[in-house]
Amino acid sequence: MVAISLPDGSVRSYEGPVTGRQIAEDIGPGLAKAALAVTIDGTMKDLSVPITTDASVSLITARDAAALELLRHDAAHVMAQAVQELYPGTQVTIGPAIENGFYYDFARAEPFTPEDLERIEERMREIVGRDLPIVREVWERDEAIAYFTKLGETYKAELITGLPANEDVSVYRQGDWLDLCRGPHLPSTGKLGTAFKLMKLAGAYWRGDSRNPMLQRIYGTAWPDRKQLDAYLTMLAEAEKRDHRRVGQEMDLFHLQEEAQGAVFWHPKGWTVYRTLQNYMRRRLDLAGYVEVNTPMLVDRALWEKSGHWEKFRQNMFISEAEDKLLAMKPMNCPCHIQIFKQGIKSYRDLPLRMAEFGACHRNEASGALHGLMRVRAFVQDDAHIFCTEDQIVSETQAFCDLLKSVYRDLGFTEIKVKFSDRPEVRAGSDETWDKAEAALREATDAAGLEWTLNPGEGAFYGPKLEFVLRDAIGRDWQCGTLQVDFVLPERLGADYVGEDGDKHRPVMLHRAILGTFERFMGILIENCAGRFPFWLAPVQVVVATITSDADDYARTVLAALKAKGLRAVADLRNEKINYKVREHSLAKVPVMLVVGRKEAETGGVALRRLGGQSQEVLALDEAIATLANESVAPDLRAAPQG
């Protein structure tokens, strides 16, 4: 007998092996029609897989989040079939589901065109309409290599050759077409539906290695229904308008160029925002009891070897040689912070020691992976390491979570998701230590009022971690903050403190960041507010614009008064119509314009116009300046509301 436990707590018994499809049919015709896949003891499988032993089983339908990845993976296969039907001789390589969609890499002599994408998408709809059964087959390794080699599919043959010896070689057949794949897949192509769209073309090296041939990548997106597809396409259109590279150019914030790939040229306006954000973070950390340090950018390989980074991270480090020594530009700050901790004897009374650095780091990212401010080679982290005892992990984590929530709120992000990554299979430290660390993180996030989802086995080898994900104004998620518990690095680098018992002990090291890197967070911030920064962050807060040249002297007086109150202001005295000036400064996302003419000069007033507003408010100059000076105060410096 095979006992099948279902999510509702019921148990169904079968005489022998049973498939997910049979279980669905047994439950009812509605589920039999809707079922797409099955999870067996937590692992997703095809509906056709026999279940031979007692198991916990859940049937997956289009309503389940897990179905989305399945849907997108199948879309990649249907696209590959369409390409090979339309363009014989094209080789297929790898085609996974990714966030919000899928892609497939093709080897083809002729480049694909946008018109080709339309043809491929139309053929995909035909293949869906055929409702071809998708059938899994297991082949002998030599048979599979010979088959794909004969077809001229050299990339597939290479993939099979590289599979572990104990792994099945599985292929999935859709009608006469088949592909190498681990699966799982939908029961038939018809289950994919037609809520998909091919998005763009790109180049990609085979296996991501620039020494290998360049392939053609086709990206697409797929959703359970047309409504969700349309919502996603609308979001993409809005995201294009908000693209930080586009907005950054329009607002003259920064630029990037080939001669310094992965590094940012900050213009005066962009650097103003950057420094304002950094000063805000510096004040928040100072108030939270952090000490700020600065460590060398070039560090001898010997330290990186001791820390383990040389072995695990060397390919991503920029290396320089000086006087027969190899020096690396630091990719992170943690080993250097331990060197500061080790200077002098530390007592348990010195803990927790919260050490922060706006550290300039460099990582040798592949040029193809670089993307505006979001993925760079040269960056500054809002990095800190908390040296504490095991008993202080809970309180320090809770304090960090509270600080993080407050910072995100000040910067306009109120939706925060937390991912909790627990112990991986390969790890350092005892189970007892891991139990304590994981329990401490759970307790701290609960105390901070943060809901979390589990990422099983995704912790670092040295300890569990939390990842903090922000949702922006158009519904996209961005992983920014992190907190990692580390028992290993203090041991490797010889950090210790004298405990209350007079003996030496290893501190626990909490690696933590709120923004992540300033560069990436600036990109996220620009896109979240579409360049309309909150008033306290805006690079230019006020423009004083004249209607006629008669008001030029008065405009200069207004400008001086604004600057005297610390406002970032400029005057526009050009001989242009006021509507032209309003339009130009609105496009530059300046939050406030003070319009002055002969009348305002005579009365000592200003006409205050806010960005996006259709009207203006006439105020006395002193009143306008007092209002704007109050609005320009950073959130952390504002007086707490009374009562």
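Using N, Cα and C of the backbone, Cβ positions are placed for all residues, glycine too.
Of the residues proposed, C181, C334, the one Swiss-Prot records at the same Zn(2+) site as H385, H511 is C334. Note: H385 (Zn(2+) binding site) has non-local neighbours N333, C334, H337, I338, R354, M355, M509, L510, H511, R512, i.e. same-chain residues 6+ apart with C-beta under 8 A of its own C-beta. DSSP places the residues of the domain 'TGS' (1-61) in helix, strand and coil in these numbers: 14 helix, 25 strand, 22 coil.
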